[in-house]
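Student: Per TrEMBL, the features are:
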- 25-47: transmembrane segment (TRANSMEM)
- 53-73: transmembrane segment (TRANSMEM)
- 98-241: domain 'Palmitoyltransferase DHHC' (DOMAIN)
- 147-167: transmembrane segment (TRANSMEM)
- 201-225: transmembrane segment (TRANSMEM)
- 318-396: domain 'SH3' (DOMAIN)
Amino acid sequence: MNFLSTFVTFQNLHEVRRLCHWGPIIALSVIAICSTMAILDSIIWYWPLDTTGGSINFIMLLNWTVLILYNYFNAMFVGPGYILHGWKPETQQDIQYLQYCRLCQGYKAPRSHHCRKCNRCVMKMDHHCPWINNCCGHLNHAYFTSFLLLAPMGCSHAAIIFIMTMYTQLYERISFGWSTVKIDMSAVRKFQPLMPFSVPAFAATLFALGLALGTTIAVGMLFFIQMKVILRNKTSIESWIEEKAKDRIQHYQTGEDFTFPYDLGTRWLNFKQVFTWTGTPKGDGIEWPVHPKCHQHTLTIEQLKQKADKRVRSQVQYQAVEDYNGACCPLSKGIQTFFRTPCTEEPRIPLNKGDTILATRGTKWWMYGDKVLNEGHMREGERVRGWFPRRCVEKCHYDTAASDSTSDKKAN
């Protein structure tokens, strides 16, 4: 009992609730189906106790499963690391370079961002991943990326087992007309399988093969995307910030030379910032090694400039002309609006006729923005933002402040 109490704490039990989400349920179901079917098919195809090759194949299969689950659960339960509520920099002068988070009642440390799903400011936030129902950030970035590498490798191995099982079991039952295809199956025929390969077993193997191939392609692509940003010591959010920095400099012709501060110059040095032998990444999540031309707040200063520019350039005032109940796929707003709903977990905001919204981005059928609240709600720090159908709003023709401000800024 004492042994269990060292592992099971109130905080651990609270974190277990992360499993009660569609993302982990689907991910663990795919892992369970592929692993179980691969183990059963290995017994049918290549009995592990009969040959050395069968033993190695079976051990490798179990090894993939253990490593995949180890990195998956670490990515989920270790978490990204969070900035403490009410955090302030040690030097009072640094406050002017940082953004303030109303929800966490503190300042955002360099490289941190507030996650609406986790409701916390996350250290070195990359993105919120629904498959682990947690953010990918400073502490779990290596575990998450290792999972993205191991899952396609394990699924590729499982796919080979599925294909060989179906081939060897159907070889003598169905004539495929493959006169040129010759596979030596003498080793796998030495042992009569314990389980018959029936029609349901064939259907289950075929289904598992589809899952394995789909996972290999989809997760493999995510792995290469993650490695691309890791080798430059960036996150997905910081890549976007860098692109916007270039756009801002080009738009206003300021002549600035923006250097990304966390790229240490070589891919190996950047790689070691995330992957270490101990599994714990370098740094405390607050201060970071930076490029010689930069300092700790180079990126946060750029974020403040972009935020000010966003208020000038992006926010266009709209007024609601139709009621909207906040449904994810509102059929009443048209077929195109129904089928073109944004594929994101970002919220939808209900609208009443006459509401005012400051739109910041959008698609042909949907828009994203902040609902203008009354002074009482604004003083409390409340903020309502999300997606809404474009057909429910009209642009306010009297809203000329944005265009005037842009002209003034260009003149300066």
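The backbone N, Cα and C atoms fix where each Cβ goes, glycine too.
Heads up, TrEMBL stuff is auto-annotated, nobody curated it.
Have a look at these and tell me how they're positioned relative to everything else.
Tutor: Same-chain residues lying 6+ beyond the ends of the transmembrane segment (25-47) with a Cβ under 8 Å from its Cβ atoms: 19, 53-54, 57-58, 61-62, 64-65, 68-69, 72, 131-132, 151, 154-155, 157-158, 161-162, 164-165, 168-169, 187-188, 190-191, 193-195, 197, 201, 204-205, 207-208, 211-212, 215.
Note on the domain 'Palmitoyltransferase DHHC' (98-241): DSSP counts are 68 helix, 16 strand, 60 coil.
Beyond the ends of the transmembrane segment (147-167), by six or more residues, the same chain brings 31, 34-35, 37-38, 41-42, 44-46, 57, 60-61, 64-65, 67-68, 71-72, 75, 183, 197, 202, 205-206, 208-209, 211-213, 215-217, 219-220, 222-223, 226 to within a C-beta distance below 8 angstroms of the stretch.
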Student: Average the pLDDT scores across the domain 'SH3' (318-396) and report the rounded value.
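Tutor: Here the predicted model's pLDDT, averaged over the domain 'SH3' (318-396), is 86.
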